[in-house]
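Heads up: the structure comes next, in structure tokens.
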Amino acid sequence: MTDPRTSRHNTAENQATSVPSASSAPAAPHAPSDPAGAPHAPAPGSAAAGTATAGSDPAARALAALRTARHRTGVLTDSVTDDDLVAQHSRLMSPLVWDLAHIGNQEELWLVREAGRRTGVRPDLDHLYDAFRHPRADRPALPLLGPAEARGYVAQVRDETLDVLSGVDIDPDHPERLLAGGFVFGMLAQHEAQHGETMLATHQLRSGPAVLDAPAPPPAPADAATLPREVLVPGGPFTMGTSTEPWALDNELPAHQVGVAPFWLDTVPVTNGRYADFIAAGGYRDPAWWTPEGWRHVQEAGLEAPLFWSRDGDRWIRRRFGHLEPVPADEPVLHVCWYEADAFARWAGRRLPTEAEWEKAARHDPETGRSRRYPWGDADPGPQHANLGQRHLQPAPAGSYPEGAAPSGARQLVGDVWEWTSSDFSPYPGFAAFPYREYSEVFFGPDYKVLRGGAFGVDPAACRGTFRNWDYPIRRQIFSGFRTARDADPDRDGTSGTPAGGGAA
Ligand SMILES: [Fe+2]
């Protein structure tokens, strides 16, 4: 085996894209595994119109996921000029041309050299595109491939990848964990899809005229205005995480029982309208609503509203992918940091849900006692379920996607906006790093808060009921929103007979 290094990803991917240096890269552990299923509702016009399902052939599934991700990479990099491609639009982000060649380099490392046991295309590029070696702010100064070279490089790698895929054994029972069920192909498809989200965030930070276009989401369904404000999630243990989801990443494993006390959860994410109420009520000027760290950050960073919002007379407007427009009151709020989400919840007399609460609300089926792959069931995401895959370049109105509702009645748990939880990013009991520590393990701890559910910019292949994202509590260039929760009152809510169960939360 060669020395694989790849990128792990929190979708915000502040520092890590690639991973271990050659010295720290594991010599490719190959244990049996359970990789596979990439759901797919490719964007309209996607080159990968084929739908990959959890039950389909691993090679076909891998091919569809790789093609869908590559289609988005093409849209996001071909839509700007070469000057824009090499520019750094924010110090928080890489030049788009770095993302592009990095995608190819990671694919070469893992699929051509590791899975294919081939020499590779340009091993000399490894150091340039190792995200652990070069922080984003430093990447523009590197002797990077130019736009034409980068495009040629990723195309050449892809040709080799497809050749490898056509001949390699990725049977679900393959003894090497990386290959079993095509896991490593799924890992790299998710990697490219996550860079598709990262590059979309770069587009949002970029100044200048709009270059991306997509239809607006459908209007809210007729019942959106009459939905209950909150839904009751029953107490008791549930299965968190997975040991069977084929393309799940190490931090989602293994499945384990967690006890959750009964709680109330917002039926839909907090909207711009409600968030504007918080601002109008002086929320950003009253330390009572903020943690000490949050209050310090608000002061130092001068926060007054979500990122990309500004005042226009007596109304809020926002910049969205180059368009200036009024902030829609009924859309889930976007581009808020964890501190802002936490402060809003306190102001509202509520709190953020824990990660376990979020997952129970999204996956637990009280009728069967089992945890679903998604809020609506086990079927891969379709356009009727959730706003994913960059089909739309904004969240859908609150209350959308009734077919994607969880058993509790909560809507939009998957898609639209990433949802901050109150939880730090921690390993599950029995966690084992795979395929290397830098994928997840080095990020565990109190520095990062967990986000769940995926946003409109997330590919369905990189989103599921168990998927965990994480980022610093100050970050808000990501597609982040939230919903709030509160403890159930056993006397008033009739939940006293529901044991909370035990286990980690
Ligand atoms: Fe990466």
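Backbone N, Cα and C define each Cβ position, glycine as well.
Remember, TrEMBL labels are computer predictions, not curated facts.
Database features, via TrEMBL:
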- His102, His191, His195: Fe cation binding site (BINDING)
- Arg136, Ala137, Asp138, Arg139, Asp471, Arg475: gamma-L-glutamyl-L-cysteine binding site (BINDING)
- 20-55: compositional bias 'Low complexity' (COMPBIAS)
- 356-370: compositional bias 'Basic and acidic residues' (COMPBIAS)
- 484-494: compositional bias 'Basic and acidic residues' (COMPBIAS)
- 65-199: domain 'DinB-like' (DOMAIN)
- 227-486: domain 'Sulfatase-modifying factor enzyme-like' (DOMAIN)
- 1-55: region 'Disordered' (REGION)
- 356-408: region 'Disordered' (REGION)
- 483-505: region 'Disordered' (REGION)
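Neighbour counts were taken at the CB atom with a 10 A radius for the binding-site residues Arg136, Arg139, His191; the maximum falls on His191. Sorting the region 'Disordered' (356-408) by DSSP state (H, G, I as helix; E, B as strand; all else coil) yields 11 helix, 4 strand, 38 coil. Reported as a whole number, the C-alpha separation between His102 (Fe cation binding site) and Asp471 (gamma-L-glutamyl-L-cysteine binding site) equals 21 Å. For the binding-site residues Asp138, Asp471, the largest tally of other C-beta atoms within 10 A is found at Asp471. In this entry, Arg136, Ala137, Asp138, Arg139, Asp471, Arg475 make up the residues listed for gamma-L-glutamyl-L-cysteine, with the farthest two CA atoms of the set 21 Å from each other. Rounded to a whole number, the distance between the Cα atoms of His195 (Fe cation binding site) and Asp138 (gamma-L-glutamyl-L-cysteine binding site) is 18 Å. Applying DSSP to the domain 'DinB-like' (65-199) sorts its residues as follows: 89 helix, 0 strand, 46 coil. For His191 (Fe cation binding site), the spatially nearest entry among the binding-site residues Arg136, Ala137, Arg139, Arg475 is Arg136, judged by CA separation. It is 17 Å from the Cα atom of Arg475 (gamma-L-glutamyl-L-cysteine binding site) to that of His195 (Fe cation binding site).
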